[in-house]
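Scroll down for the structure; my scribbles are underneath it.
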Amino acid sequence: MNTQILILAISAFLCVRADKICLGHHAVSNGIKVDTLTEKGIEVVNATETVEQKNIPKICSKGKQTIDLGQCGLLGTTIGPPQCDQFLEFSANLIIERREGDDICYPGKFDNEETLRKILRKSGGIKKENMGFTYTGVRTNGETSACRRSRSSFYAEMKWLLSNTDNGVFPQMTKSYKNTKREPALIIWGIHHSGSTAEQTRLYGSGNKLITVWSSKYQQSFAPNPGPRPQINGQSGRIDFYWLMLDPNDTVTFSFNGAFIAPDRASFLRGKSLGIQSDAQLDNNCEGECYHIGGTIISNLPFQNINSRAIGKCPRYVKQKSLMLATGMKNVPENSTHKQLTHHMRKKRGLFGAIAGFIENGWEGLIDGWYGYRHQNAQGEGTAADYKSTQSAINQITGKLNRLIEKTNQQFELIDNEFNEIEKQIGNVINWTRDSIIEVWSYNAEFLVAVENQHTIDLTDSEMNKLYEKVRRQLRENAEEDGNGCFEIFHQCDNDCMASIRNNTYDHKKYRKEAIQNRIQIDAVKLSSGYKDIILWFSFGASCFLFLAIAMVLAFICIKNGNMRCTICI
């Protein structure tokens, strides 16, 4: 009887259990670790870096209309010191300021200079228009050794107005200019602070001096402040420059009686450009859209860790040096331990090892797809990729990097820290704000990447489960799940049959009769095995009862013959 059961079991396993199909996914020996919302250091098959760290130490200017100001400061192009003579009018979409550049020749400063610098950096160049001012009763040829060309001279775009004679009376004057253009006009004027009261009297006559400037949106009065100051460029006097943007059809009026540096031409901005302060060398052989003091950032990544003050079409600056974006599924590498386990399970259960939960059969040999099948049948073993599920996952993952870029990229403008004393508080606020923005975006970047990584892993898990469900619905009662990502098929399934399962063309009705018969045989094996266990337990109980009965009979005979005595004490 037992021999018949054993033969039936062997026959069932040889005929039925020999055919099996399993589902798995691509794996690599060394994956890449990424962070998700719920876990850090999850290993995935593929990932891409989102933080750019490579810098090009040159200003890439190919395809751009570039102007290198050299020794000329950007603000100097509006007033015309000697070093800026060739840049009084220009057109550019990339403006390079150098550290050696200077805005002035006679010592002084611009009021609100950083705002003006910001405007000019975006300007695309400057064109000029004569304001048409004429003067009588004064000299218009004031000059200084601080602004030398071939000899002493002055700012090319300004007029230094002086009394006709030393210590002579400077008449009260009023001059107006109307902007007839369609774009705003940049108007710049200066106030001269003499090195002493005596010098001011010599240049402009005696008495208090007052300059008043007004338009529809601006009104300000200025009084010069003569007095000794440290000499710069051989001068103890100072010229402070002021400016306004005059709207179309608006008029600016100047009223003055000395110490006035008059504008000669109005400036008009040409278009749009990028301006950068850098001493990096220009390179016409490379293209760039993002610049900083150290060169060019050329990258399609959403973030960068090179310079927090880069300008142009730049990746967002973040503090992290690396943020890996998952572009593949969770990796289950076939390491040595896994291979030993697989070898052990092959001995115990065939071709495929055990898994738990999500189908984590990682196959390093599956190189032409993300998801696939392994099978064994009478014709041997085989592996094949499933292109449809692979493409479905890839389609949903493709574009993740582009979506991150869309969320983060914007045109950045540079605000420098070259603030005068009055502007230092504003500068501190700007610096604090910039640092706060970096902190926020560093957190946002980490969060965005973690969200995308979580979605990618969940997505690839979902595609794996969809594939598993597709196979399960096809096989129905013709196969049994083993709980390890595999199906044991209850009929002979050759390579064509396996291919039909993979292609979703499997006809379960065709094999239903054979599968039911084989399933009944397997159930019979299980049932016979159950009866065998009952018989074993019954035999054990009967043996115990027989042993106890024999022992009692022997004891009774011994007591009867007097060979054994039983004494009961109370």
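We count from 1, first residue shown onward.
Cβ coordinates come from backbone N, Cα and C, glycine included.
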Record Swiss-Prot, residue Cys105, disulfide partner from Cys60, Cys72, Cys147: Cys147
Bond partner of Cys286 - disulfide, per Swiss-Prot - picked from Cys60, Cys72, Cys493, Cys497: Cys60
Spatially closest candidate among Cys314, Cys497, Asn503, the listed recorded positions, to Cys72 (disulfide bond) (Cα to Cα): Cys314
Cys314 (disulfide bond) as reference: those recorded positions from Asn46, Cys105, Cys147, Asn249 with C-alpha within 10 Å of it: none
Under 8 Å by Cβ from Cys84 (disulfide bond), counting only residues of that chain that are 6 or more apart: Leu69, Cys72, Gly73, Gly76, Thr77, Ala156
By Cα-Cα distance, the member of recorded positions Cys105, Asn249, Cys290 nearest Cys60 (disulfide bond): Cys290
Among Asn46, Asn249, Asn503, the most crowded of the glycosylation sites [Cβ within 10 Å]: Asn46
Candidate recorded positions Asn46, Cys147, Asn249, pick with smallest Cα gap to Cys493 (disulfide bond): Asn46
